[in-house]
Every structure is written in C-alpha cells, then in structure tokens.
C-alpha cells in the first residue's frame, strides 16, 4: 500500500455534491452526509491539522440541507489551496458561524479514546474512508483527477455522479410514476413524487398543524409564521421567502422572458405562466368548482370564484373596516384613503388619484372614441374594446356555453350568459334586493337610488344616469341617425329602434298573449292588450274622469278637450288629433309598400 508523504488537507477528504444533487437527497441521506463531513473534520483535527482562514466553515442553527461548493483557486497551481465552504439553505433561527477552532472545542471531548484518532498514513491512494460512505456518498480521493462535464465544464468527484448529471443535459428520463405517468431523471425524485400522491404527510407544522410530505416543504412553510425572507434581490433589495420567488423577480429587472407560446408568440417570465396561458388555446379547464360545476384555467381563478359561494370577505380595510373578497380589490380601495385626489373633473366635480383615471373619466362626458374599426367604422374608447370587436368580423369566438353550446366573442359575455342560463344572480342591491349577474350592472342600478346623474348635456343642460343616455340625447341636437333600415331606407337614432322597426318587414311577433294566443311586435302593446283581459284601467282623464286601458286613449281624450293635435307623423310632419288616426294612415302606407 502506497503511503502519502504530503500533508492531508480538508479538501482532500471532502464530500462534494452539486446543489442539484443535494436537492434529491432525503432526510436520512442528508443526515448521513452531515455525519460524514463532521467525521472527516474530526479526523483531521485529531491528526493535528493546522487551522487556517481558508478552512473556515459556515454553520447555521437547525440546518437540514448542506451544500458543498468549491470556489475558484485563489493561488497558483503549485501547491495552492482551494477554499471550500459548507453552506446551507436557511430555514429557521438566526444565523450563526462556527470556526474550525470552535468546532474542535465542541468535539474534542468526544475524542478521548486512542482509537478515535487517525494518522495521515491511514489515507491511501485507494481511498480508504470511514464506513459511513458505503451508502453511496463519494469522497474526493487524494491524487484523483475529478471528472469534468463537456457541456457546462462542471467538475464532479465521481464518474457515477457525472453520469447522473449528464441526464439533465441529455433529457434522459428513466424513472416513471406508474400512477400519473410522470417521469423523472433520478430515482430519489421519483420517491419524493410518490409520497405526494400516496398522501403520506409525515411533517406537521406546530403552529397551524398543516402537514407536508417533505421536511423541506415544512421548513419553507414555517417562514410564513416566522416572517423570514432570506433571499434578497441585489437590484432593489426586495426579500423573498423562497429562492424560486427571487429568481422570478430578478427576471423583471433583466426583462428576460424565456418561455414563449408557440401558438401566439406571447412570452412569459416563468414556465408555469406559459402552461397556464396555453390552456386558453387548448380550452383545458382542470380546476372545477364542486358547488356549481364551473371550471377554470387556473387555481387562482377558482379560489376567487369560490369566495362568491362562501360570501367570504377575508380582506379587511384597517381604516374603515370595509371587507373585500379579493386582495386586489382591497389594495385599490386603500388607495382612496392614502392617496390625495389631485385631479378633478370640471364637468361633474369628481376627483381622481391619477391623471390617467381622469382622462378615462372625461371620455364619458366628451364621448370621444379614438379607436375606429377599419371594417365597419365603429368607434371605441379603448384599444382593448376594438380588439374584442374585431373578433366579430374575424369570426373568432373565445367562449362556449356548456349548457346550450352558444359561442361568445368575449369571456365576460359568456360568463354573464351562463349566470343568466343558470338564473344565478351573484350581486344583489342592498336597497331593494334586486339581483344582477354582474357588478357593473349593479353599480349602474344603484344610481336609481342615489339619484346620481353624472352625464350632462352642454346644449340644454339635461342630465343622464348613463353614458348611453347622453349619447342618444346628443343625436337629437345634431340630427344624426346612424342606423339605417336596408329594406326601406328609413334611419333611426338608436339601434334598438331599428330592430323594432325591422319587425314590420319580417312580420316577427315575439310577444304572445297567454289568454288568447295573439302575437305582438312590442312588449308595450303586449302589456296593453293584457289589460283587456284583466279589465284594468290605469289611465284616467282629469277633465272628465273617464278611465282607459291605454295611454293613447287618454291622449286622444285630452286632445278632444283641448283641441290640440298632438300626434305627429315623423315622415311627413302632419299632425292629427287622435293617435288612432295616425296609426290608420301609417297602416295604409305600409300596406302599399
């Protein structure tokens, strides 16, 4: 047996694993690794190894995860020493550093028997090592040349470890889960995965009793209770409780988006974001609500939806004690308390915290629509609305109702349709109890109770509750009639009036009387007809006291008393005393068409 003549240093007997390889060790293997490292260190101290600054180790209290990193060689190749550090991922407890001398003081009392000490002659070129290494851990033997990987130039102490590492580059996946068919490079990673779907959760949090399948998951979870954030961004100083969170955050500074969707070319910072985005193209909705059966692309959307059923408002404002179902809604609300509203609308006096919100609000008063469709010329306030509108021309639909199969150009329309399909009214007015399928419709309805009329006409000063009302009203001043009937060429100020008019040409009568089966073109005439069956007379003349079923009959009576011709034809401008006379003229005209 060839004996060594030169001094033995700690690097000569150090166990070296990469961070990736150490991440695959289970609890028992990590403990074994720690014991081997300490045993080697004790052996060096026992043979009189001289301490130096380069031999300093960094230990942390309650360490569970050890990483050995070999730093760059700081001295020349001729006899230079290599600095090594034993690091750990911090879990709980404050940081604490022990020097070699302190470790020696802690372990010297254990080295009482002569056989506990070893001499440098006990280390041979064949790599005689303590028995703890038999579990598969490799020692860098004195005089051995480490194995180098050709692609990343990474060095490994053992050829078997190099072979495992090469699987990361080659994509070779040899270990498959029989239940989920998920594949792994390492058998240890497969074992960890199998614990997850087997339901084995041995590690329990002492604070909240939450259980985990891996000890590392428990230690990461405990940072929520301790508030520890050991991973800090060097750019902005922001701290994170997870290393992965810091990596994702750092890409915000670099602008790196390495994960690209092959369907639409959109790029993402994280691979999980790409996978979630791809579900839009595939239509996959793996997260299903067990209450109503509705499915979602992401778990976060399911969690937000679940709050609707539970009526849970877990996010409370500390200033006014108002509660919200989502954190984003709470953050937006808190800005109303903390930020000064410097930007005031001159039209209605409403104030805003930022200029952008003021500019958006002013479009309600001006009716400005800078984004025009190249196909039909329709204008929109926002580019996003124009993009959604263009789907109508392209025939692109993004949402399909599971109940009736109807397709929609916008997800919001589809969700509103499904709520109406299920008669689901999620938003209720606290004043009158009326329910709505969307919060936007509820906000519009509440103006009826508050009397708010934020939209004022500059021509006549008339106020309106909704932007659509003032837009229709402005056409009375301008005389604009943008909606034209293709059958007869007649134009209208509103699209709804055009649709009603087209029923004259199509003969459509969607409103039918349940008593006699008679059909009507409009809901108003249907209601008027129903009063004939109920004998209800709601309209009474103040001059003679006579009651009528129709408001038109009341108007005719009042015209008889006053002699005024109140019924005017929109086509020729001629006036009639009775609405009935005008209707007869119009019917004759339509029969001639």
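Backbone N, Cα and C atoms are what each Cβ position is placed from, and that goes for glycine too.
Marked as domain 'KRAB' by Swiss-Prot: 8-78.
When pLDDT is averaged over the zinc finger (145-169), the result is 58. For 145-169 (among others), the entry in Swiss-Prot reads zinc finger, with the evidence type sequence analysis.
Here Swiss-Prot flags 175-197 (among others) as zinc finger.
The zinc finger annotation in Swiss-Prot covers 203-225 (among others), and the record cites sequence analysis as its basis.
In terms of DSSP secondary structure, the zinc finger (259-281) contains 11 helix, 4 strand, 8 coil. The zinc finger annotation in Swiss-Prot covers 259-281 (among others).
The feature zinc finger is assigned by Swiss-Prot to 287-309 (among others), with sequence analysis given as support.
Positions annotated as zinc finger by Swiss-Prot, on the basis of sequence analysis: 315-337 (among others).
If you look up Swiss-Prot, you'll see 343-365 (among others) marked as zinc finger. Within its own chain, the zinc finger (343-365) has Cβ neighbours under 8 Å at 335-336, 381, 454-456, 467, counting only residues six or more beyond its boundaries.
What Swiss-Prot lists as zinc finger is 371-393 (among others), and the listing cites sequence analysis.
Per Swiss-Prot, the feature zinc finger maps to 399-421 (among others).
Within its own chain, the zinc finger (455-477) is flanked in space by residues 347-348, 364-365, 367, 444, 447-448, 493-494, which lie at least six positions past its ends and keep a Cβ under 8 Å from the stretch. According to Swiss-Prot, the feature zinc finger maps to 455-477 (among others), an assignment based on sequence analysis.
If you look up Swiss-Prot, you'll see 483-505 (among others) marked as zinc finger.
According to Swiss-Prot, the feature zinc finger maps to 539-561 (among others), an assignment based on sequence analysis.
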